[in-house]
Amino acid sequence: MKKRFLYFLKNYKYTVHLTLFLITLCCSIAAGIEWSTTKLVLFSEITAHDLNLGLQYAISFLGILTVHEFGHYLTARYYKLDVSLPYYIPFWIPIGPSLGTMGAFISINSPMRSKKEFFDVGIAGPLAGFIAALGVLIYGFTHLPPPEYIFSIHPEYKQWGYNYAQHAYDVLPEGANFKIGENLLFKLMTNWLVDDLQSMPNAHELMHYPFLMAGYLACFFTSLNLLPIGQLDGGHILYGVFGYKKAKNVSFVLFLAFVFYAGLGLFNFTDFTSLAELPYIAIYIGFLYLIFEKIAKKDKVKVWAYVFSMFTLQLISSSFFGIEGYSGWLLFTFLLGRVLGVTHPPALYEEDLGLGRKILAFISLVVFILCATPSPFIFE
């Protein structure tokens, strides 16, 4: 008994990784069932067909995620860094739609010594994950079910036939009309791989197709990781290419642009005439303060300069030009500004990367453009 206990302690870290993976797998299966069928797992009878759909989503999504993380892991091991296996983050809400996971991460417990190490470890994950996502999406686009498949999920659409999209969404209450955003990769694959366009789901129904949904989410997270800001994968790539000083400036400018886009359309000048809107304006200004406080190193004059400059530009753009952004990004701007950081730390050695790695950096930019979605999840 004592030997077994000591063995368990010795291998505890592997138990944690495996346990988190299994929990995340179960959560992802449940999420896949709910996306594919509109059923709530805890309150519905789940058939073998439903379970199969959940497995298609979970295995595809977690498979891509695992390839991404092991791209980082194996590259870090190549450089003999002290690195952990991936920690998976389960995320499932029993009373509503969720993704099943909020991703995974590895913990690198030894310092990276050079730009080359930062670059290689950073770029390996998203490129490996993108290749895996391509495989899932190619299969998904070439194995679409027939057009009438949607009627098995929404029987009420039968009354409109294949023209259901012209009628079904007009009767939904405001805010209940959910649809998936569009990226360039999906447009290209639709044009190249789909023979019968009637089989291709529209943005309101894509979540019912497990392989496409898993591939779309993989693209979303890939583009998120490739943002060239701070210590995101894209930030590692940016630092590797330009070095500390240039990367710091570029990263900060891109972060400002990101915050600007996220807050566009929230307010305009007419809101100041309504007393009901004033508390929301005050809350948003406080939110901007929290975002910029850490970046400005608590220099209050600089913080307020950032806050009011940003708010004024957003207000003018929304009021006079009618430009709207995507407020869903605000949470991520907060995480970047307060938690993850906007500046990449310098390495001990800043050697030139060479042409080969610069070509890979350009490829990663192309991947970002293919995968990025300005408004990934839309409620109308």
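Using the three backbone atoms N, Cα and C, a Cβ is placed for every residue, glycine included.
Bear in mind that TrEMBL entries carry predicted annotations, made automatically and left uncurated.
Pulled from TrEMBL, these are the features on record:
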DOMAIN    57-257  domain 'Peptidase M50'
TRANSMEM  87-106  transmembrane segment
TRANSMEM  118-141  transmembrane segment
TRANSMEM  209-229  transmembrane segment
TRANSMEM  250-269  transmembrane segment
TRANSMEM  275-292  transmembrane segment
TRANSMEM  304-323  transmembrane segment
TRANSMEM  359-379  transmembrane segment
Interface-richest range of 118-141, 250-269, 359-379 toward the transmembrane segment (209-229), CB pairs under 8 Å: 118-141
Top Cβ-contact partner of the transmembrane segment (275-292) among 118-141, 304-323, 359-379 (pairs under 8 Å): 304-323
Seg_contact(the transmembrane segment (250-269), the transmembrane segment (304-323)) with at least 3 CB pairs under 8 angstroms, min sep 6: yes
Intrachain residues whose Cβ lies under 8 Å of the transmembrane segment (304-323), provided they are six or more past its termini: 256, 259-260, 263-270, 284-285, 288-289, 292, 295-296
Outside the transmembrane segment (87-106), six or more residues from its ends: residues with CB under 8 Å to it: 16-17, 20-21, 23-24, 26-32, 34-35, 40-42, 57-58, 61-62, 65-66, 68-69, 72-73, 76, 207, 217, 221
Averaged pLDDT, computed only over the residues in the domain 'Peptidase M50' (57-257): 92
